[in-house]
Amino acid sequence: MSGNLSRRKFLAAGATVAAGSLAAPWIARAQANEITALLITGGPLYPKYWEKIVQDFTAKTGIKVRYDLLEFTPLTSKVVTLSAARSSQYDVYSTHTAQIDSYFSHFAPLNSYFSESELADFYPVAVKYLRDPKNGNLAAIPRNMDARVQYYRSDIYQEKGLKPAETWEELVDVGLKLTGNGHYGLVVPGQGDPAQRTFSDLLWQAGGDWVDQANKPAFNSEAGIKALTFYRDLVQKHKIVPPDAVGYQWNENSTEFSSGTVYANFDWPGAFATLSNPDTSRVVGKWSTAPYVRDKASISCAISHAMALNGQSGRKDPAVEFIKFTVGPEAQRLQFDQFTNFPSSQAIAKEVIAAAKGPQATWLQQLETTIANGKEWPKLPGFSKVCTLMFSAIEQALTDQVSPSDSLNQAAVEAEDTMRRAGAYD
Amino acid sequence: MSSIPQNRVSGRRRRSPLPYTWQKGYLLAGPAFVVMLAIFVYPLGYSFLMSFFRWDLSGSAPFIGTGNYTDELFGRQFNQALRNQIIFSVVSITVEVVAGMAIAVLVNGELRGMRLARTLLLVPPMIAPAVVGLNFRWLFNTQYGLVDALLRMFNLPNIPWLSDPTWALVSVIIADVWQNTPLMVLLFLAGLQSLPQEPLEAATVDGAGPWQRFWHIVLPLMRPVIMIALMLRIIDTFRTFDVVWLMTQGGPGGASNLLTVYAYLLAFQAVDFGHAAAVSYIALGMSLVVLGLLYGVPWLIAKRRAI
């Protein structure tokens with residue numbers, strides 16, 4: 001037999017074997033009553049949390065869930081790669097408001113799976129920015145809210161007779177009084193998405209916005225320049241922020257406060273649990289919370305971790321059942337108990353606020369105020385690429401490479417061009 | 001016409017059975033061929049095609065010809081990354097080759113402790129670049145880092161290693177030099193130890209000093225080794241990612257952005273695969289041009305001399 005084997009036959013046989021090998025995992029995976037999920041993790045408690053959620057879901061529905069856990073950045077990269085490959089490897093993804101516009105064509109719309117009354121229970125700001133503005137499709141459903149309040153060292157503030165800042169001016173005044181001897185009055189992140197989030201908050205607080213009525217870039221307005229100038233001055237002029245903060249993202253930002261080097265920061269809900277834990281904080285019992293600062297307005301970002309359905313999934317119904325379970329009352333209560341993650345359901349949020357006592361109750365009320373006043377940058381075509389332009393523009397201004405006005409004006413020209421090419425004005 | 005073989009006339013080529021040794025060869029090479037096709041040729045070809053499309057997950061991916069290439073070649077961020085890449089490659093390769101040769105000559109001697117020094121030289125290249133990046137990020141931290149702590153100890157001013165645009169690029173060059181100079185030393189050391197001793201002994205007898213022996217005999221004889229070292233480092237510097245990503249993520253404000261980091265940001269933060277692929281192919285093209293010049297120019301000179 002082998003003597004009659006031609007090159008063509010050999011290659012055909014090789015291709016068949018290769019195709020079979022490539023298809024085998026998909027064939028094996030396509031079992032009834034089993035779905036796959038790519039879920040977010042972060043810290044030692046998350047694996048146990050997902051294990052319990054999956055066990056409870058399987059006990060309730062009989063549907064098995066095979067899942068992988070990844071931290072936020074690698075998870076985002078993997079979802080991008082899988083979406084580009086139109087992969088059906090996972091039926092369900094953990095996702096986030098931040099880059100949701102990139103996935104509008106790849107996540108299956110969830111509108112038909114949630115009734116209007118079900119959606120009305122979620123915070124409106126969360127649902128609004130998970131929708132595709134072009135067609136109203138709901139790309140994901142919020143699992144927990146992400147918003148920030150001010151964390152400050154109550155012991156040091158009391159010792160120096162200071163109150164937490166309420167305005168931009170007070171932020172500088174208090175910061176100047178606290179900075180010295182290796183300590184800083186404030187820390188803000190200065191790199192990548194965290195820098196854009198910080199600029200975004202200041203932009204809204206100064207009365208500006210990202211785009212105008214015609215969706216043209218408006219972040220280089222007078223308010224935008226004022227916001228970026230204030231942000232830069234915190235680092236370069238007033239020097240109340242550690243100099244390396246221009247390279248900080250969220251982790252370094254949080255660590256500066258939890259290590260006791262810095263006396264105030266603006267942080268996410270998870271910080272409450274981290275700062276209360278002696279294993280992760282040197283300032284347990286020495287801090288308190290206050291509302292985010294304001295200028296003309298009192299606005300900061302209110303975004304959410306969310307769950308999405310892969311548009312390529314062949315098991316959409318059981319996958320949606322799982323998604324509904326992860327945003328349901330039991331899962332939201334468990335999230336709050338374990339990580340102090342703020343619920344995306346208004347009913348559950350009211351429940352946990354009512355049950356909370358002391359500093360936690362105050363903090364939850366402050367957080368709810370931030371969410372009620374919260375915003376997010378627009379989910380227009382091409383805005384993900386505008387974000388990377390902004391990372392560079394903000395970082396260049398923060399490090400005095402260019403002036404805030406030059407930096408924003410140049411970014412605005414490039415942003416309009418980018419959004420036009422992506423079809424934002426079609 | 002009558003000389004045309006029958007199989008050509010009928011439009012079908014006659015397929016002769018493969019000899020057994022060929023079949024065996026194909027069979028053994030088959031798995032490797034399939035793997036190569038799947039993990040090397042296919043992605044490479046696919047990403048090259050991608051560079052001619054607007055590929056951003058928006059659903060449609062229209063063909064835009066060389067649009068992604070022209071966008072980048074005339075774009076501000078690309079040109080900043082290109083400038084950084086050139087500075088990074090030229091400075092780090094120059095330092096690594098010069099220092100590598102100097103250290104190789106030193107450890108090639110019969111001084112005490114050289115055996116230990118040669119062993120220690122293996123350590124930096126063995127460490128994963130990601131670990132090097134993380135370590136240097138902490139070493140260069142202004143508040144907690146060892147380097148600035150030493151500067152403070154000697155009453156010298158702090159250096160904003162990672163937060164200043166100029167120092168950020170210097171910092172990643174230092175990390176790269178620390179990791180890769182020992183590799184150059186090992187390559188040069190191997191070259192030095194295989195040099196013929198006769199010309200050196202003859203030069204010594206003729207009264208040539210150490211510097212003259214090195215400049216006029218050792219260096220010309222070492223040329224093939226230096227060329228190999230340069231080739232390896234040129235390819236490597238155009239692929240450098242981990243160290244920069246972990247130390248600065250290309251910041252602040254793109255001040256230490258290299259082409260690989262810029263391509264990664266385009267692909268995974270801007271979700272713009274078309275532009276990311278174009279940047280990657282420009283980087284590949286540049287490294288090929290530099291390698292071509294490195295090998296082509298001496299070859300042309302030699303050829304012209306021969307004529």
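Cβ coordinates are placed from backbone N, Cα and C, and glycine is handled just like the others.
TrEMBL annotations:
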DOMAIN    B:82-294  domain 'ABC transmembrane type-1'
TRANSMEM  B:21-45  transmembrane segment
TRANSMEM  B:86-107  transmembrane segment
TRANSMEM  B:119-140  transmembrane segment
TRANSMEM  B:214-232  transmembrane segment
TRANSMEM  B:244-266  transmembrane segment
TRANSMEM  B:278-301  transmembrane segment
Applying the under-8 angstroms CB criterion, which one of B:21-45, B:119-140, B:214-232, B:244-266 scores highest with the transmembrane segment (B:86-107)?
B:214-232
Would you kindly list the residues that approach the transmembrane segment (B:119-140) from elsewhere in its chain, counting only those six or more residues past its ends and only Cβ-Cβ distances under 8 Å?
103, 107, 146-148, 161-162, 171-172, 174-175, 178-183, 185-186, 240-247
What same-chain residues lie close to the transmembrane segment (B:244-266): Cβ under 8 Å, and 6 or more beyond its ends?
77-78, 80-82, 84-85, 88, 130, 133-134, 136-137, 140, 162-166, 168-169, 171-172, 175, 238, 272-273, 275-277, 279-280, 282-283, 286
